[in-house]
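Listed features, source Swiss-Prot:
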{"type": "ACT_SITE", "residues": "D407", "note": "active site, 4-aspartylphosphate intermediate"}
{"type": "BINDING", "residues": "D407, T409, D820, D824", "note": "Mg(2+) binding site"}
{"type": "BINDING", "residues": "D407, K408, T409, E530, F571, K594, R625, T705, G706, D707, R793, K799, N823, D824", "note": "ATP binding site"}
{"type": "TRANSMEM", "residues": "69-89", "note": "transmembrane segment"}
{"type": "TRANSMEM", "residues": "91-111", "note": "transmembrane segment"}
{"type": "TRANSMEM", "residues": "287-307", "note": "transmembrane segment"}
{"type": "TRANSMEM", "residues": "338-358", "note": "transmembrane segment"}
{"type": "TRANSMEM", "residues": "862-882", "note": "transmembrane segment"}
{"type": "TRANSMEM", "residues": "910-930", "note": "transmembrane segment"}
{"type": "TRANSMEM", "residues": "963-983", "note": "transmembrane segment"}
{"type": "TRANSMEM", "residues": "994-1014", "note": "transmembrane segment"}
{"type": "TRANSMEM", "residues": "1033-1053", "note": "transmembrane segment"}
{"type": "TRANSMEM", "residues": "1060-1080", "note": "transmembrane segment"}
Amino acid sequence: MWRWVRQQLGFDPPHQSDTRTIYIANRFPQNGLYTPQKFIDNRIISSKYTIWNFVPKNLFEQFRRVANFYFLIIFLVQLMIDTPTSPITSGLPLFFVITVTAIKQGYEDWLRHNSDNEVNGAPVYVVRSGGLVKTRSKNIRVGDIVRIAKDEIFPADLVLLSSDRLDGSCHVTTASLDGETNLKTHVSVPETAVLQTVANLDSLIAVIECQQPEADLYRFMGRMIITQQMEEIVRPLGPESLLLRGARLKNTKEIFGVAVYTGMETKMALNYKSKSQKRSAVEKSMNTFLIIYLIILISEAIISTILKYTWQAEEKWDEPWYNQKTEHQRNSSKILRFISDFLAFLVLYNFIIPISLYVTVEMQKFLGSFFIGWDLDLYHEESDQKAQVNTSDLNEELGQVEYVFTDKTGTLTENEMQFRECSINGLKYQEINGKLVPEGPSPDSTEGEVPFLGSLSHLSNSAHLTATSLRTSPESETELIKEHDLFFKAVSLCHTVQISNVQTDGIGDGPWQPNLAPAQLEYYASSPDEKALVEAAARAGIIFVGISEETMEVKVLGRLERYKLLHILEFDSDRRRMSVIVQAPSGEKLLFAKGAESSILPKCIGGEIAKTRIHVDEFALKGLRTLCIAYRQFTAKEYEDVDRRLFEARTALQHREEKLADAFQYIEKDLILLGATAVEDRLQDKVRETIEALRMAGIKVWVLTGDKHETAVSVSLSCGHFHRTMNILELINQKSDSGCAEQLRQLARRITEDHVIQHGLVVDGTSLSLALREHEKLFMEVCRNCSAVLCCRMAPLQKAKVIRLIKISPEKPITLAVGDGANDVSMIQEAHVGIGIMGKEGRQAARNSDYAIARFKFLSKLLFVHGHFYYIRIATLVQYFFYKNVCFITPQFLYQFYCLFSQQTLYDSVYLTLYNICFTSLPVLIYSLVEQHIDPHVLQSKPTLYRDISKNGLLSIKAFLYWTVLGFSHAFIFFFGSYFLVGKDTSLLGNGQMFGNWTFGTLVFTVMVITVTVKMALETHFWTWINHLVTWGSIIFYFIFSLFYGGILWPFLGSQNMYFVFIQLLSSGSAWFAILLMVVTCLFIDVVKKVFDRQLHPTSTEKAQLAEAHSSVKCLDSVCCFPGETPCASVGRMLERVIGRCSPNHISRLWNASDPFYTNDRSILTLSPMDSSTC
């Protein structure tokens, strides 16, 4: 029993095997010794709550937040002891915040419940008792055989058993899982591929042993043990056999598969897990400010308590006769009384901590994140992709970036490969005018044309491809033809490219038809490099036709050749190569390999290695992507050994990856080099301009790529990452720690000696590993003094290590990583902000990123406009919230000096409750959503303005102290201005009476509401109709509410303290004079400071505002005038000169496609930038 309890609490989890055993069709052994493993059902549960646990679970989650818990404690203190304010003052705002959050989360969870019910209730067909049974998806059990028809979604993770194809293969699309739109081929084992009917499957006796569930979509290890005629046949299972839940069946009429993972154990469900939480610099500053204000709160409570007891200790200040202490008070413990009074003062001043700050910030981030997706400037028309926001918690972090780390291929480049050149057996060729010719002839010359290769007209444009007629040639030319033949055969066979049969109705069904003309073939591949190379081979006359029953078919000069595909040695980032083993028509066993020259050339023992290496370097200097091609021929005995090793590695359930790596290492050796290929990956549009803009903004750009040194440097120069005038330093080919350290010291000396010029650093993966191992500080010193850094030959984890090294450096800079492929996920998740490019290498980077965009050039708009605006908005929001709460509570503290620390409240309880909820909340919320202190086009055209907000400047201690001191000074003016103007002089009132406590407090509260609201108006640079509505509407609402609240006797209120108070206040001319005088006095200080700052020490942003205001139409007229009216033109000119701001002119309701930035109907909610013709 105790162990069960510990297991339920998670302290003693039950032992779980590393593998699971699945009996197909749930045919368990009948010997009675087998205990079936327990598996979960196939229900998907994405919801968090049930109808029974919603209230307690949601409350628990909300009160884990420090601010909510703090106000809960204050509320409980008010209930337990005699406090000066009603528990409603803390309880109602807390109830409002908790209720709004609970409703939002409850509604979202209700939507998740509906979605779950729809998915779990979907109809499926399962093979049971020799027939097909219709059931619901949630009823599928592990071991069930499921039938899926064309275009249906797989309801669980299935191991493919058979399909309507003879070879048992099928095509699926995983676009909903990883975003990859290309079709993927999945295969079944030969023994089950022939079982294409329900009756045949009912006779299958087989067991699957596989790993326990894991989230990696591309990793699966298992084996199938089939019993046939009392013999057991073992077949390996890999990712190519697993059909993932959420994927869709394509190009296949139907398949049968056995469920191996169900419900929340499917890979799709395991990927629901959220990424590690990232916290922005603004959030960290906000938490710091909360701690400071908590210290201020406790200090005020302690000071008030001490002063109270100090006063009571003096005999002359004893309690008056009408307020004598009770017997209980005189006999109670002084310590308990001190604690009680301290808690009472704590309750009295607790509103200095803004309860609504968290809710307002959440709403601002949530609503503000939509603007990125609505921005047409971030929409890519060709791919029909708009910007995506995967997390709204980091919007303001986009305005604080100091380092950008970017991948190259697919991020800076288009990832659209075009075959350009190749090297075959030491001879270099290039494509000129559709012909592959040796290097040297002019474009119009045909002399020297390769006799075997012929026309290079594009595959998609030719109805039929024929090679040029072979010329009569001597033996040397015949040998040359054979070498070229073998080279392009290797290119046509060593790949994972697939073919769809182009028909009038789209993708055809059925097996491949090798007699199709090339124009009827369409290649598609997950790697653009492979597609480009296979198409180039086809243009050269060696056409890959397709795969039929594990046979690769190639047309050579119109003659069909069949190669039996024996093994595929898949590509991985560690080996940086892939290989295939095929059996040629002649019966020879051949291995064809292709990969990076650093992984292929060391494995070669023959061929023109030296010449090819030179050609590869020449290709790289042109910025071309290179691959080397090699082959190996096996004897019968060698192949038996290779086949045995691969079988043992692939059927292993433990350490399969390590065993496969060892097997690949053993097999891929003693290669004969055939040549190398060079494909061009052109730069994306406006990459150079974007990188230059980032540099002007003070952001350092690092390029992290897996390409070789020469290719990476060439691309860095072409994209403007490196300048021609820049001094390029290199840390490459380091073999030892000592050599690496010495090279780093030399680089540091060179930078010190040539400190005037800019430096760029190139470092390769091997040298980087040595530098990070023992010489981090020295390496960082060199990097910090370089304007641009290029890291080549990088492994995915090395990219993440580099970013982490920068993150933990003493300066703690904000980092941003941008990439497009699965190998970029680690660095995207490591950086403070991760940007995924929705490119051609799937959607893994976009799915794991914080933001996703279609092109690198959109990064400038994302940072310089959205990031700038978001940071300005939320930084002002945070500072303003603390400012207005200091204004709110400080008069309460000052009032205690005049009421002898009796804990008498200055404000009415209703005003205490509604101050942050109703009277002052909307103006700052709208400001934080639509404020544009400068035109977006100016921000993009002047990247240097980005420097003004760097280093979290608006939330620095200096800025925090300014807002805090401003709040205290305004509070002193509120209190003492009211006290000296109307609080002491009875002649100011017509009836000869002094203001009472509630009238005095209401006067202070009225001045405060008006002042903090107009203060928000002074901070606003971009006025829309909704700004006017909430700003002036908040003040009007306060007056209407106060008249309504104080003008009626409310029967349900315990006291009528405010009855007729506000009406009496407004009836006094001296009160109106005091309100106007105090508001002007408070804001005059702020206006004077702004004027002097702009005249004496203007920032770059303020200079741009002034320049923009002078060059624009006087747009302040729109605040108070209709078009054509000019009563306020002179006021507008004066204010524009002083503070350099404007508001949009009268705007038509007609939307224009040329309108910049957002596409909203601007007459409803103007979220667009200030029109350049107006401001």
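For all residues, glycine too, the Cβ spot is worked out from N, Cα and C.
Keep in mind that what you see is a predicted model, and the values were worked out from it rather than measured.
Locations of recorded Swiss-Prot features on the structure.
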residue	record	Cβ within 10 Å
D407	active site, 4-aspartylphosphate intermediate	28
T409	Mg(2+) binding site	26
F571	ATP binding site	17
R625	ATP binding site	24
G706	ATP binding site	23
R793	ATP binding site	21
D820	Mg(2+) binding site	31
N823	ATP binding site	20
D824	Mg(2+) binding site	31
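Summarising the ATP site geometry, the residues cited as binding it (D407, K408, T409, E530, F571, K594, R625, T705, G706, D707, R793, K799, N823, D824) extend over a maximum Cα to Cα distance of 25 Å. In this structure the C-alpha atoms belonging to the residue listed as 'active site, 4-aspartylphosphate intermediate' and G706 (ATP binding site) are separated by 9 Å. Nearest neighbour of R625 (ATP binding site) by Cα distance, taken over the binding-site residues T409, D820, D824: T409. Separating the Cα atoms of G706 (ATP binding site) and T409 (Mg(2+) binding site) is a whole-number distance of 9 Å.
Outside the transmembrane segment (963-983) by six or more residues, the chain places 879-880, 882-891, 894-895, 898, 989, 994-995, 1000, 1003-1004, 1007-1008, 1011-1012, 1068, 1070-1071, 1073-1074, 1077-1078, 1081-1082, 1085-1086 with a CB less than 8 A from a CB of the stretch.
T409 (Mg(2+) binding site) falls outside any helix or strand according to DSSP and counts as coil.
Listed by sequence, the residues of this chain that lie at least six past the ends of the transmembrane segment (338-358) yet keep a Cβ under 8 A from its Cβ atoms are 65, 67-68, 70-71, 74, 77-78, 81-85, 89-90, 93-94, 97, 286, 290, 293-294, 296-298, 300-302, 304-305, 308-309, 878, 881-882, 885-886, 888-889, 892-893, 896, 903, 905, 912, 915-917, 921. In the three-state DSSP scheme, D820 (Mg(2+) binding site) is classed as coil. Distance between Cα atoms for T409 (Mg(2+) binding site) and R793 (ATP binding site): 13 Å, as a whole number.
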